[in-house]
Amino acid sequence: MDKRHDPSRRIIAPHGTQLSCKSWLTEAPMRMLMNNLHPDVAERPEDLVVYGGIGRAARDWDCYDKIIEVLQRLEDDETLLVQSGKPVGVFRTHADAPRVLIANSNLVPHWANWEHFNELDKLGLAMYGQMTAGSWIYIGTQGIVQGTYETFVSVAKQHFEGISKGKWILTGGLGGMGGAQTLAGTMAGFSVLACEVDETRIDFRLRTRYVDKKATSLDEALAMIEEANQAGKPVSVGLLANAADVFAELVKRGVTPDVVTDQTSAHDPLNGYLPQGWTMAEAAAMRKTDEAGVVKAAKASMAVQVQAMLDLQTAGAATLDYGNNIRQMAFEMGVENAFDFPGFVPAYIRPLFCEGIGPFRWVALSGDPEDIYKTDAKVKELIPDNPHLHNWLDMARERIAFQGLPARICWVGLKDRARLALAFNEMVKKGELSAPVVIGRDHLDSGSVASPNRETESMLDGSDAVSDWPLLNALLNTASGATWVSLHHGGGVGMGFSQHSGVVIVCDGTDAAAKRVGRVLWNDPATGVMRHADAGYEIAKNCAKEQGLDLPMQE
């Protein structure tokens with residue numbers, strides 16, 4: 001019997017102000033763990049899978065139950081340790097220490113590969129935490145929408161003089177991460193054709209308004225895109241098809257999209273990518289009998305897809321890797337020039353990272369959407385001179401359906417995160433919000449990740465693979481008083497290719513919370529500015545000076 005599978009489970013986080021735990025400092029991680037497994041949030045909640053192939057919230061259902069039990073009895077001077085989704089110890093610390101410390105999927109570098117991890121996973125000794133799955137701060141597809149939107153806006157500026165009208169994006173994948181592309185693309189003014197092999201994912205994106213239309217043939221999908229472009233109104237189409245097949249067919253037909261990318265779960269060739277010509281049922285059966293054969297077939301299909309992306313780039317498409325390591329997989333299968341198209345971070349996002357700007361997010365523990373709308377208004381009040389940000393907040397309210405507990409993503413940087421968080425804490429204190437909020441972020445942030453094929457690709461000083469930085473980030477956030485801190489390996493790009501840390505803090509309206517919030521939400525983005533200044537980026541050096549950071553080697 002698989003202890004990770006229980007179709008009878010239906011997890012819904014409590015709403016309102018009644019506590020199941022001894023304080024909001026422990027109620028918050030409990031609710032956020034449960035929210036990760038909400039049926040509208042998680043991809044396969046019955047298997048504890050939140051997103052990204054096999055990114056889980058807990059190692060198995062026994063571990064999940066025990067985590068909930070411990071959080072409900074945990075005192076405010078105790079800390080729970082979670083090792084790859086398993087609660088392994090409770091220790092006396094102090095009131096300003098984290099209530100939970102999490103380490104997921106970490107392996108000694110020589111053994112940091114999928115083969116070794118999968119053996120440990122089968123034995124029940126490990127859990128793949130992805131980024132926000134195992135760190136209990138996933139907010140559904142909204143969590144990546146703004147970052148994807150910012151990327152597509154930058155693509156329009158760099159390649160099309162800022163004009164996206166009448167242009168379209170080709171991509172693959174409509175899972176927890178990839179599902180953001182269709183909505184973000186249309187928000188940025190592009191039409192989007194997204195290939196997806198799992199029809200239930202397309203239907204889910206239709207229900208939650210991330211996808212406008214569904215197509216079952218390439219001709220039908222292209223006709224929808226053409227009609228929308230002629231009308232001057234962007235449309236998103238979920239095409240039920242294998243991305244490798246579609247990308248190669250477009251090359252064959254001589255049809256060139258304006259932009260090409262991909263967000264299939266290519267980082268995990270065993271569990272995340274369906275080989276060409278295979279059904280999902282066939283792949284599921286083969287995973288039980290011939291893992292090596294599945295991996296080989298998946299990577300061969302990735303090579304076909306990447307070769308098509310290169311061909312489309314040659315034909316004039318703006319082509320980018322969106323951080324799923326598909327170039328690496330194709331390179332390993334003999335596509336020697338797989339890295340000829342850039343990753344999205346060095347091409348479009350790094351200047352933001354240099355100022356500590358990244359995916360700041362918050363969640364209303366009350367479950368009341370009005371709490372999010374009030375905080376949206378507070379952000380506009382405190383940052384009055386940023387029309388781009390205001391436009392994002394307006395579009396988010398109008399077009400993004402909440403999944404589970406109401407939440408908001410908002411890319412802001414060093415100069416704004418702490419003051420926004422302190423304002424939220426004050427709103428809780430004054431009763432303007434009906435319950436506390438939690439503030440966290442993706443591990444994809446400026447100072448919290450080492451990932452040479454994604455966030456730290458092509459660093460100015462060649463320090464792409466140096467992973468001291470996320471370790472320092474996690475240590476500093478722990479020392480600063482975050483409510484829970486996590487340190488993971490392999491998120492986004494797969495085993496052996498990344499290390500990264502996460503942080504979440506509770507704004508419960510107390511003076512003690514204000515002190516913790518002020519430290520954590522200054523120090524956390526400041527490590528990103530520090531990391532980029534150390535690598536030689538002038539934007540980061542200037543930001544550090546302007547914000548008064550004490551960086552000894554920058555004097």
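Note: Cβ is positioned from N, Cα and C throughout, glycine not excepted.
What Swiss-Prot lists as NAD(+) binding site is 52-53, Q130, 176-178, E196, R201, 242-243, 263-267, 273-274, Y322, G492. Mapped onto three states, the DSSP output places G52 (NAD(+) binding site) in coil. Over all protein chains present, the Cβ of G52 (NAD(+) binding site) has 28 other Cβ atoms lying within 10 Å.
For C410 (active site), the same-chain residues lying six or more positions away in sequence with a CB closer than 8 A to its CB are Q146, F360, R361, V379, L389, W392, L393. As annotated by Swiss-Prot, active site applies to C410, with the evidence given as sequence analysis.
Between the binding-site residues G176, G492, the minimum number of other C-beta atoms within 10 Å of a residue's C-beta occurs at G492. With respect to Cβ neighbours within 10 Å, the binding-site residues E196, Y273 differ, and E196 shows the lowest count. Classification of A243 (NAD(+) binding site) by DSSP places it within a helix.
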